Amino acid sequence: MAGAIIEKMSTKKLVLFVFFILLFQIFSILVGALISPSPTTAISYLATKCINFHRTRAWLMPWGSNRCQQVHSFDDPLAKTLDANDIVFAVHVPLPNTEMSPWFQYMLAVLQFDIAFKMINQIEDDVVITIDARLAYRDDMTSEWTTKFHSVEQRPLRCTFAVSKTYENEGRFYHCDPIPFMELGSVAHKYFLMNLRLPVNDTMNVGIGEIKDIHVVGIHQNGGFTKVWISMKTVFSPWISVATVWYWYRIRILARPPVLLEKVIFALGLSMAFLDMPVEWLSMGFEWTWMLLFEDAQQCALYSVLFCFWIIFCGEHLMVSRSFFAACTFLCTFLGVRLSNPFYSVWAFFSYLKPHITFIIVAGISVCLYFFSLCRMVHCVFRTISGKMQQLPTMPETRRLRYKGIIFRFKFLMLATLTCAALTIIFFILNQVSEGHWHWGDYTLQVHSAFLTGIYGMWNLYVFTIIFLYAPSHKIQFSKPMARDICFVNMLEVQETQLTCGEQGPTEVYRITGKVAEE
């Protein structure tokens, strides 16, 4: 039996290895906390109300030398002579004297409506607002605008009125929920222009109240965070790739075929290497609108294999975790539509709303149940090991102490696995919480950035630790007494396994606990 490195490495070397892993983990957290800025920036733009008498498709600028004819308020005398179809809401991204950059990676747009209450023009229940949206771009301030996308979209308008609906409260504003509007998977140009129109006829945009203003909140990834993130991926990518190739090479030179646990460790290394691919470098020179879809596919692959590995590592069958892989695949399928229409949103229609909310709730509950199930499995594994250890006193003292040391190392790694699983599940939950920062003396600690870089570093370090410690050791020669001891341990099994004396398994703890998964 070759044995794994976790069993053959000396205690001193193992302590040094764990120390360096913890050192790299702390460094990953500090990179996000002290070096990286906040992951995203949100900027609010007040749409300019432009007049388009002839209702042409010309691009209307909100400011600059070619700015459009404007109305500052719909209460102005000029505005009262206009038809609703003559108004175009224009938004220039970014603000004057600034420009966008490919380092921003993506751009989201959220609409916020200012709607005044009027007794004769109230917002109806379950009303849908129709938006004729156009998006253009250019890379300098003098060239003509180039049309990028044009689409007529519908969004549910949900507003509440905090006070009673009486004539005395006319002019007060509704409280309306933000409306997801647009998502660009690449920021390949310096300037963007949105022209939004609310077409009105007998059936369209009726019962949406008296709109006073439209605010567009633009959200993009900070360039500084992108540089830190890509740098970390550039460092981890060759590290994990080389470790995975080395691990599989050590497995292939064994005299036996690889068991299921070794195969899933190899798959874990491949999925981590896939996530670490720094393809963002190439997106700096190309307009790849599918980058968000690709990044989601990377994360789905890692989550699926990681959750499968934890189940198999604790002795369960692979079938248990296939549902999570299906959930990840189901979640990724909704992202492809935006490749051709950035205005598309899964929240656009009421018929989509409840199924998606239900899916998110069920996914959250499933993840929590998964973790509790994993904790129960770890408890069962520890209880099984404790039962086996009661039969070890019949072994020679030297061998008994050695097996106790091996079991202690396995328990420590199992607890580290449980910690990694807990932090990963917390990442699922807290990733939706608003980002924040703390001030500590003269330094600003970016909590959200530290959390993202810390979790990403933890995944890489955990995968590297599993690959390294479970690789076959080069110390493969055993004396005959050791072989007899191993056979003795196999005789302690309550149930028969596929491995017999003389055959080889990944680790001795693997054999002691009877964790031989059938394929």
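Glycine residues also receive a Cβ, built from the backbone N, Cα and C atoms like all the rest.
As annotated by TrEMBL, domain 'Wntless GOLD' applies to 48-221.
Among the features that TrEMBL reports, domain 'Wntless-like transmembrane' is placed at 222-474.
Summarising the annotation, TrEMBL assigns transmembrane segment to 228-248 (among others). Sequence-distant contacts of the transmembrane segment (228-248) (same chain, six or more residues past either end, CB-CB distance under 8 Å): 28, 31-32, 35-36, 265-266, 269-270, 272-273, 276-278, 280-281, 449, 452-453, 456-457, 460, 463-464, 467-468, 470-471.
For 260-281 (among others), the entry in TrEMBL reads transmembrane segment.
TrEMBL lists 301-320 (among others) with the feature transmembrane segment.
What TrEMBL records for 327-350 (among others) is transmembrane segment.
If you look up TrEMBL, you'll see 356-385 (among others) marked as transmembrane segment.
Feature annotation from TrEMBL assigns transmembrane segment to 406-430 (among others). Listed by sequence, the residues of this chain that lie at least six past the ends of the transmembrane segment (406-430) yet keep a Cβ under 8 A from its Cβ atoms are 6-7, 14, 306, 310, 313-314, 364, 367-368, 370-371, 374-375, 378, 381-382, 385, 389, 451, 455, 458-459, 462, 465, 469, 507-509, 512.
Annotation source TrEMBL lists transmembrane segment at 450-471 (among others).
Confidence across the domain 'Wntless GOLD' (48-221), taken as the mean pLDDT and rounded to a whole number, stands at 91.
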